[in-house]
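*Asks:* Let me begin by handing over the structure; questions about it come next.
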Amino acid sequence: MGPCSGSRLGPPEAESPSQPPKRRKKRYLRHDKPPYTYLAMIALVIQAAPSRRLKLAQIIRQVQAVFPFFREDYEGWKDSIRHNLSSNRCFRKVPKDPAKPQAKGNFWAVDVSLIPAEALRLQNTALCRRWQNGGARGAFAKDLGPYVLHGRPYRPPSPPPPPSEGFSIKSLLGGSGEGAPWPGLAPQSSPVPAGTGNSGEEAVPTPPLPSSERPLWPLCPLPGPTRVEGETVQGGAIGPSTLSPEPRAWPLHLLQGTAVPGGRSSGGHRASLWGQLPTSYLPIYTPNVVMPLAPPPTSCPQCPSTSPAYWGVAPETRGPPGLLCDLDALFQGVPPNKSIYDVWVSHPRDLAAPGPGWLLSWCSL
């Protein structure tokens, strides 16, 4: 026997492109559903018409204009309008042409004397129960009787204004930092570096403000890769950095220590709100750099390089092993919201790559 002429060996045929596409999911919860019966809403729009009668299409358009809930993709309410017009005795059909009573496009009128009083009041819906539980006053009228029976003009409820901006940590902490971000704090004047300007003029440095008077979000440029001659940190010169990024604006208070010039203690100063957050919540992309805290009382006084104020880049010290503190006392100064990859720095220049003879005091990096 020969092979069947109708059989084919090959991939199955693709589905026909004539199939209708899938309908997207409807969203019904944009506006509050009016807590009225369909009878009350139909009677309201009919009585508001100049001739006190409307066609079915006009009733649907007027209900959409008065109640924003019915402007969405939901279409089932139109069938409820048709059902209430034909099932309630208070609605009567007014033929457009008396000779053709069965023709389409007829008008509908309402006999207000046949409307039950309870049908015009607020219904026991989830919206009304939410108002009662929350103690809030609803935007809908409690009774539509004065508008339907006495012809008072009905004003639709106004929707609440949309929020100006989305939720962000920055909005909770006082905005983006432009201007005066904290009440009562004066903006910080930028210090004039020594040696800048004309050679014949002497630069006058601006005295820095105390930590309690510094703005919440001052910005300063990062140090460039060039070497600063004559500048020393804890007795050692800073070498040229090959890892320094391009100059850009960085938060100054996140890069500065809490020590105040003049030897005063910063224990009574309020910590910055941005410094108290994990680095993943900062509004700009920064490395894991956090604001240093005051040394805890459990830190070892004989080895200052292991206290939190000196974490970052510290000079290599050669001493007996007995001077080192245990890890429990060392990590008691670490806030609970910091990870082991966060680095404590006490000076903006600490972001530069360390020179020879320097080491990172926190070895878990």
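Placement of Cβ uses the backbone N, Cα and C atoms for every residue, glycine included.
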*Asks:* Please identify the range among 63-84, 129-150, 327-348 that Swiss-Prot labels motif 'SMAD interaction motif (SIM)'.
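*Replies:* Per Swiss-Prot, the stretch marked motif 'SMAD interaction motif (SIM)' is 327-348.
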*Asks:* Examine the ranges 105-111, 112-118, 287-293 and name the one recorded by Swiss-Prot as motif 'Fast/FoxH1 motif 2 (FM2)'.
*Replies:* 287-293
*Asks:* Can you identify, from 27-31, 192-196, 277-281, the stretch that Swiss-Prot calls motif 'Fast/FoxH1 motif 1 (FM1)'?
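*Replies:* Checking Swiss-Prot against the ranges 27-31, 192-196, 277-281, the motif 'Fast/FoxH1 motif 1 (FM1)' one is 277-281.
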*Asks:* Over the region 'SMAD-interaction domain (SID)' (273-354), work out the mean pLDDT and round it to an integer.
*Replies:* 52
